[in-house]
Amino acid sequence: MDTCKVPANASKCSGNTMECFMVLSTQAQKISIGILCGLFGTMCVFENSLVLYLIFSSPGIRKKPSYLFIGSLALADILASIIFVCSFVNFHVFNEAGFSKEVFLLQLGGVNTSFSASLSSLLLTALDRYISISRPSEYKLLMTRKRAWTALAVLWVTCATIACLPLLGWNCCVLDSVCSELFPFVDDNYQSGWVCFIMVLLGCIVYAYAHVLWRARQHVAYMEKHQAQVGKQSTRMRMDVMLAKTLVMVLAVLMLCWSPVLVLMIYSIFGRLSDHLRKVFAFCSTLCLLNSMVNPIIYALRSKELFSSLRRVFSHFRRQLKVTEESPEAESTHKSSVIET
């Protein structure tokens with residue numbers, strides 16, 4: 001078993017082994033975590049897979065950069081839910097500690113990549129709305145599909161590189177440095193850097209949305225004042241305002257779900273975490289799954305294009321189901337008529 005230097009403020013533990021971080025002590029706690037992860041994870045995969053299908057099955061929707069970014073968000077949430085649930089339940093519920101340091105850091109890198117990409121996709125979506133509302137006449141020239149795909153490629157490569165740094169050598173075993181209280185083998189300085197990276201992402205998202213909201217309020221006032229003259233431009237403004245409000249709802253849910261985790265991670269950098277707080281951190285981590293589960297619901301309720309696409313899919317499914325149910329009756333009627341003849 002890999003062991004590393006234990007932090008001076010670590011909880012009672014004989015070494016920085018995997019068992020030191022298995023904080024769920026009762027069967028009720030393990031069952032609760034298992035139920036939460038199973039419920040949130042399953043719903044998250046289903047809902048985000050549906051969002052991806054709705055986006056890429058509709059030619060009109062998938063050509064828009066806005067929905068490419070939303071598709072990236074859905075993909076990141078799917079990967080995060082699968083990797084997080086499998087590794088988290090395996091570690092905290094089944095107490096599996098037989099894998100190596102490299103395997104654990106690979107799993108942690110996958111979780112960090114997915115959640116970082118989720119936040120970064122929200123940032124790109126915020127910037128997309130920022131450009132659409134602040135410079136509407138130049139939007140199609142500035143935000144092309146090629147630039148959107150390039151931005152997504154840079155996003156995923158950057159997130160994967162930062163998340164895999166512990167696996168590549170920035171860990172407390174290789175550096176013989178102080179380890180994190182929350183994650184095995186993770187260097188305390190790396191955790192500080194990752195938290196700063198997430199805080200910068202959140203800060204940029206908040207700034208972009210603050211500007212979007214300000215411009216959206218201006219557009220609403222303009223439309224109310226010149227409703228008769230604006231015509232087609234008014235329709236586009238309403239779409240921009242609607243999508244801006246939708247993404248602000250996503251941001252509000254994001255902050256509520258991520259704040260407890262980030263606060264505890266920051267606190268662990270500067271002070272000692274009790275065993276109770278480490279258990280709280282384990283339960284708060286499931287809120288990240290809740291965030292990924294709620295996002296598609298907001299899209300379906302707020303985005304008219306996605307909602308219309310969803311209605312078409314359900315209508316097609318009902319027609320297919322109706323045809324399937326009627327086929328045996330029709331075949332039976334046909335056979336009866338043949339026999340009578």
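Any Cβ shown, glycine's included, is placed from N, Cα and C.
Remember, it's a predicted structure, so these values are computed and weren't measured experimentally.
These features come from TrEMBL:
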| type | residues | note |
| --- | --- | --- |
| DOMAIN | 47-299 | domain 'G-protein coupled receptors family 1 profile' |
| TRANSMEM | 31-55 | transmembrane segment |
| TRANSMEM | 67-91 | transmembrane segment |
| TRANSMEM | 103-127 | transmembrane segment |
| TRANSMEM | 148-170 | transmembrane segment |
| TRANSMEM | 190-210 | transmembrane segment |
| TRANSMEM | 246-268 | transmembrane segment |
| TRANSMEM | 280-301 | transmembrane segment |
Beyond the flanks of the transmembrane segment (280-301) by 6 or more, those residues with Cβ under 8 Å of it: 23-24, 32-33, 36-37, 40-41, 43-44, 47-48, 50-51, 70, 73-74, 77, 80-81, 84-85, 88, 92, 115, 118, 182, 246, 249-250, 253-254, 256-258, 260-261, 264-265, 273, 307, 310
Same-chain residue ranges lying at least 6 outside the transmembrane segment (67-91) that approach it to Cβ under 8 Å: 18, 21-22, 33-34, 37-38, 40-41, 44-45, 48-49, 51-52, 55-56, 61, 97, 107-108, 110-111, 113-115, 117-118, 121-122, 124-125, 128, 145, 148-149, 152, 155-156, 285, 288-289, 292-293, 295-296, 299, 305-306
Spatial neighbours of the transmembrane segment (190-210) far in sequence, C-beta under 8 Å, 6+ residues away: 112, 116, 119-120, 122-123, 126-127, 129-130, 162, 165-166, 170-171, 180, 182-183, 244, 247-248, 251, 254-255, 258, 262, 265-266, 268-269
Positions whose Cβ lies under 8 angstroms from the transmembrane segment (103-127), at least six residues beyond its ends: 18, 66, 69-70, 72-73, 75-77, 79-80, 83-84, 87, 151-152, 155-156, 158-160, 162-164, 166-167, 171, 183-186, 194, 197-198, 201-202, 204-205, 208-209, 212, 247, 250-251, 254, 288, 292
Contact set, same chain, for the transmembrane segment (148-170): CB under 8 Å, 6 or more residues outside the stretch: 65, 68-69, 72, 102, 105-106, 108-113, 116-117, 120-121, 124, 128, 185-187, 190, 194, 197
